[in-house]
Each structure stands twice: as structure tokens, then as C-alpha cells.
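Heads up, the thing below is written out as C-alpha cells.
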Amino acid sequence: MKQYLELCRRIVSEGEWVANERTGKRCLTVINADLEYDVANNQFPLITTRKSYWKAAIAEFLGYIRGYDNAADFRALGTKTWDANANENAAWLANPHRRGVDDMGRVYGVQGRAWRKPNGETIDQLRKIVNNLTKGIDDRGEILTFFNPGEFDLGCLRPCMHTHTFSLVGDTLHLTSYQRSCDVPLGLNFNQIQVFTFLALMAQITGKKAGKAYHKIVNAHIYEDQLELMRDVQLKREPFPLPKLEINPDIKTLEDLETWVTMDDFKVVGYQSHEPIKYPFSV
């Protein structure tokens with residue numbers, strides 16, 4: 001929680017205004033932010049200075065793990081996070097590759113589970129990583145990436161948190177996640193939950209101990225219509241201690257994550273928070 005608030009204060013005090021063409025808004029911006037999450041000791045990085053809806057964040061990443069490409073599938077898991085980008089993004093609505101209502105195109109999990117080769121075959125990046133880690137193998141290339149410039153025109157949004165690298169040291173698994181751009185008041189709340197949970201899940205299904213998760217952000221920003229709420233409301237609040245995340249121990253394989261797992265298999269214990277803050281979302 002401390003490192004999150006320090007980043008917010010850094011943006012408010014040191015950030016520079018940058019115009020964002022996609023949204024038509026200005027962003028108070030800093031370059032390079034490093035966050036670290038202690039998964040080994042279950043220090044779940046859930047924002048406490050405003051109420052955080054953690055289930056939607058985990059549901060979204062579960063959708064990525066399953067390779068979903070439709071906002072309706074994400075809604076069925078319990079999150080509406082893709083509704084706007086799939087159905088209200090002007091550029092995507094005009095894109096001839098869009099296949100109708102709720103279609104997201106070849107984004108995020110589609111690339112992770114079915115990266116297309118020139119011959120038309122696909123690569124399941126996640127399956128390869130799980131197989132290797134289960135066998136105790138770290139080839140220094142246990143990398144899951146959603147960033148495929150050759151298919152940006154086939155999706156509604158370029159990935160923000162785009163690459164996840166796993167490192168196995170002995171029987172302890174670590175994760176380094178890379179993010180090109182981060183809406184700190186809204187997006188980071190989700191992203192840090194996802195980084196933590198991804199490592200916890202991967203350690204569980206590969207039979208390894210979870211270590212630390214490292215979260216590297218290039219462009220961290222606060223939109224101009226979010227600044228007042230961040231500066232005058234959220235940063236005035238004192239944080240509560242971090243809660244813990246409980247994951248159903250019956251989740252043992254990638255197939256489990258692909259099939260029967262729901263949000264009922266996750267529980268947060270000891271969560272205290274201040275009142276919600278409704279930050280504007282930029283499509």
C-alpha cells in the first residue's frame with residue numbers, strides 16, 4: 001500500500017502534463033515505476049484508501065488465462081471491464097475486423113493461448129510455461145506476452161500490461177510483469193491484484209513455492225479529470241493493513257483454471273477500506 005501511495009504522490013508532485021491523442025485528455029505523467037509484491041507471505045496488494053473490487057480484477061485475468069475474446073464471456077465470469085472497449089471504442093467500432101457486439105478481437109489472452117505463426121498454426125505460450133515449470137525447468141525464456149504488433153489492427157486495444165516472465169530459483173517461483181502504460185487511479189488497482197494472483201496461481205498449479213512478484217511500469221499517469229479526487233481525497237486517507245488472499249487448494253492444474261474455477265474459489269481475508277471513489281474512466 002505504501003509503494004502505491006508513494007507512486008501517486010510522485011505523479012502529483014513530479015509529473016508532467018502529456019496530451020493523450022486516443023482519449024483527447026491530458027495526463028500527469030512520470031516514466032518508470034517499480035512495484036514489488038510479497039506473494040510468499042501473502043501480502044495481498046489490495047488498495048485500502050478506497051474500496052477495491054478485487055473479484056473483477058481476478059475474473060478479468062482468469063478470462064485472459066482462458067483466451068477469451070468476447071466481453072460477454074468476461075461478464076459471465078463476473079467482470080464488465082471489457083464492455084466499453086469492445087462496444088464504445090470509436091476506432092474499433094469502425095474496424096472491419098470487428099465481428100459484432102462484444103467482440104474484442106485478438107487481444108490479451110488470445111495472444112497468450114493462440115499466437116499465430118506465419119503458416120497459420122498457433123502457439124500456446126501459457127501451456128509451454130506451465131509444462132516447463134511443472135518439470136522444474138526454467139529455460140530463461142518462460143515468457144508470456146500479449147504484445148503482437150502484427151495484429152494490433154485485429155483487436156480493440158493494445159495490451160497495457162503486456163508481458164509476464166517467470167523465474168524459477170530452486171523450488172521458488174518469481175514473476176516479473178511489464179506494463180507499457182498505466183492509469184494509476186483505476187488500472188493499477190486491478191493490475192497489481194492480477195500480478196500477485198497470477199504468481200500465486202502459477203506456483204500452485206506447478207507445485208512450486210511462490211516468491212516475489214515484480215511489477216515494472218513505463219508510463220504511469222493520472223488523467224486530468226482524476227487529479228482532484230486523487231490529490232484531495234484519496235491521498236488524504238490513512239491506509240489500513242494489507243489483507244490476505246485465499247485460493248481454493250483444489251485448483252491444481254491449468255485445466256482446472258480453464259474449466260470449473262469461478263470467483264467463489266477466491267476469498268480475501270482481513271480487508272478494511274475507506275469509502276469508494278468513483279474515478280472517471282477514459283475509453
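All positions are counted from 1 along the displayed chain.
Quick reminder: no glycine exception, Cβ is built from N, Cα and C everywhere.
The Cβ of C160 (active site, nucleophile) lies under 8 Å from the Cβ of Q179, R180, S181, C182, G187, N191, each of these being in the same chain and 6 or more residues away along the sequence. The annotation active site, nucleophile is assigned in Swiss-Prot to C160 on the grounds of sequence analysis.
Counting every protein chain shown, the Cβ of H221 (dUMP binding site) has 26 other Cβ atoms within 10 Å. Per Swiss-Prot, the feature dUMP binding site maps to R22, R180, S181, C182, D183, N191, H221, I222, Y223.
According to Swiss-Prot, the (6R)-5,10-methylene-5,6,7,8-tetrahydrofolate binding site annotation covers D183, S282. Proximity of D183 (dUMP binding site) to non-local residues of its own chain (separation of 6 or more, Cβ distance below 8 Å) is seen for H221, I222, Y223, Q226, S282, given in sequence order.
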Simplified DSSP label at R22 (dUMP binding site) comes out coil
